[in-house]
């Protein structure tokens with residue numbers, strides 16, 4: 001039984017009475033969660049689409065429920081439906097309605113399982129809850145009992161936070177808002193009564209940031225040829241933030257060569273991210289062992305780096321200048337370090353590349369660290385020099401980590417996905433590694449990009465895992481879906497990016513987004529005015545490129561044409577005109593067109609390509625012998641014999657007829673000038689994709705694909721033709737318009753908290 005206990009002062013009551021006459025929509029936590037998680041719906045009453053008017057006769061500062069006194073600002077458990085866990089709310093208003101019924105206005109808290117994290121709430125401390133901006137009116141007798149909820153200060157490390165949590169039932173240090181499923185730090189001012197917190201990421205220092213920001217370092221994980229970090233650095237520089245890619249990691253040697261050529265200032269490592277993380281930890285131990293690194297940043301148990309045998313070696317053996325026995329080689333210097341198994345001996349560990357005295361680079365070998373016990377001075381020399389030149393980042397050295405953990409396990413192009421065990425799939429395991437690197441290095445900012453299928457696969461499990469891990473590390477997070485075509489690229493690739501810039505270009509939406517993730521689509525609101533530019537079409541992107549044939553083999557050439565569109569003028573900029581792509585040795589090179597050569601299809605496929613009409617929508621269905629039924633399925637023409645190629649193989653292959661249950665229009669499909677490309681893929685085979693040039697008998701060239709991804713023409717790629725297609729197809733779209741997001745980061749970077 002609940003009763004109102006103490007009336008507020010006349011002045012406050014009069015002030016509040018103006019608001020009490022306003023319409024209040026009956027929207028509670030469970031109702032607002034309904035769209036984002038159907039299986040966790042918690043509605044205290046049926047959803048009422050009509051607005052209900054509650055008028056207050058008077059307001060109170062206290063109320064008694066079952067003998068317990070509640071004050072404004074108290075936190076309480078609120079009765080849920082039978083069998084469900086009670087809700088958690090803050091009492092922000094106590095009033096009596098005009099019909100004499102006692103009510104309270106609740107401001108709701110979310111548990112982790114009430115948020116996008118959902119079934120992965122185990123990643124978050126069970127006592128941790130998240131304040132919301134959702135408020136509604138409820139009968140006073142819905143209150144069950146008091147809840148002792150502590151507000152914990154933000155912007156402290158996890159260990160300090162744990163020590164700072166007072167005795168309590170629950171605690172909070174973040175808000176959770178449904179737009180873009182966002183976790184935000186609680187503002188510095190008290191939120192005990194109400195909140196005017198904005199929807200932007202919380203600020204450490206406010207908007208008046210000093211001019212001339214110091215350099216910020218970036219680590220690009222799963223870097224490929226460097227598209228994401230390139231876009232970030234260019235965009236940040238447009239806002240006066242000097243963001244520099246200091247380290248880049250990728251397992252593809254050809255992509256690493258491309259990145260190193262275009263970014264000579266970056267330390268590019270061709271290795272697996274797992275090995276890179278192991279190396280970081282061992283590198284920290286080495287730096288600590290030789291007393292050149294702050295020991296407080298590394299756990300004490302890691303200090304035992306050298307084996308006991310190495311520690312007990314005689315002093316004369318530690319002197320590199322001592323006489324070397326005839327059967328031993330002398331180390332001249334150490335030139336590189338890695339973690340793994342470079343000698344293929346099935347003995348992974350820390351290895352150093354050794355330059356032997358009296359021998360050249362061709363005789364360099366990888367030696368395990370335990371074999372270098374007699375060379376501690378050389379080892380110390382290498383570690384000291386490497387520490388000073390930042391060859392590897394240590395915890396606290398990295399300001400920004402970006403990356404797109406490989407998505408083969410969730411991509412719609414992978415026919416062998418395993419939705420029942422998403423994290424057990426080796427193709428998805430890199431998401432765990434990505435998060436482990438973040439947890440170890442503790443950067444200020446993180447950008448993770450992935451295909452939109454990460455939301456569709458296994459109920460969005462991997463996306464929820466990523467958010468859960470980041471929140472557990474006290475990162476503010478938000479999700480957003482952006483289509484490359486909405487920012488000035490002639491393709492429709494939905495990608496996961498933070499919600500900063502609104503679209504700049506028109507685009508026809510394609511694909512399906514799960515209902516519960518509709519909140520994170522980056523778009524203008526229905527009532528929000530917008531003036532969008534016309535979408536960039538295929539003709540806008542590639543119509544200026546010179547004609548090449550299926551047999552083209554030149555890697556560089558002169559343009560021989562002029563730019564016809566704004567996109568083409570931008571994409572042709574020279575290196576020194578593109579921020580972060582200029583270097584002393586390359587700035588004076590003439591403007592050349594690189595990588596404008598296609599994957600050379602075989603003779604049979606070339607015959608087929610030449611028979612595809614040069615018209616919009618043309619594909620294998622236009623070849624002789626193919627009929628299309630009213631149900632849009634293909635079938636053989638019974639009135640004619642099957643047409644054969646010079647090789648004796650059929651003109652229309654069986655796989656084309658059977659693809660997608662005889663309903664596909666993709667095999668040997670020809671693109672058209674007034675279209676956009678769905679997605680730039682890694683394989684240039686025309687067997688099941690629409691890849692043919694509108695007016696030439698070939699697939700799109702490497703450079704044409706690179707333009708669709710937003711790569712400037714000066715960005716040169718390396719490796720076999722197939723490998724260059726893979727680099728472009730795996731890249732994150734990076735164009736002048738996508739840089740609107742990067743520009744937003746540049747504006748935000750001086751003041752965002754972790």
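Every residue gets a Cβ built from N, Cα and C, even glycine.
Per TrEMBL, these features apply:
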REGION    1-43  region 'Disordered'
DOMAIN    68-187  domain 'BAH'
REGION    191-212  region 'Disordered'
COMPBIAS  197-209  compositional bias 'Low complexity'
REGION    305-325  region 'Disordered'
COMPBIAS  307-325  compositional bias 'Acidic residues'
DOMAIN    329-382  domain 'Chromo'
ACT_SITE  407  active site
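In the domain 'BAH' (68-187), the DSSP tally of helix, strand and coil residues is 22 helix, 60 strand, 38 coil.
Counted with DSSP, the domain 'Chromo' (329-382) comes out as 14 helix, 22 strand, 18 coil. The average per-residue pLDDT of the prediction over the domain 'Chromo' (329-382) is 94, rounded to a whole number.
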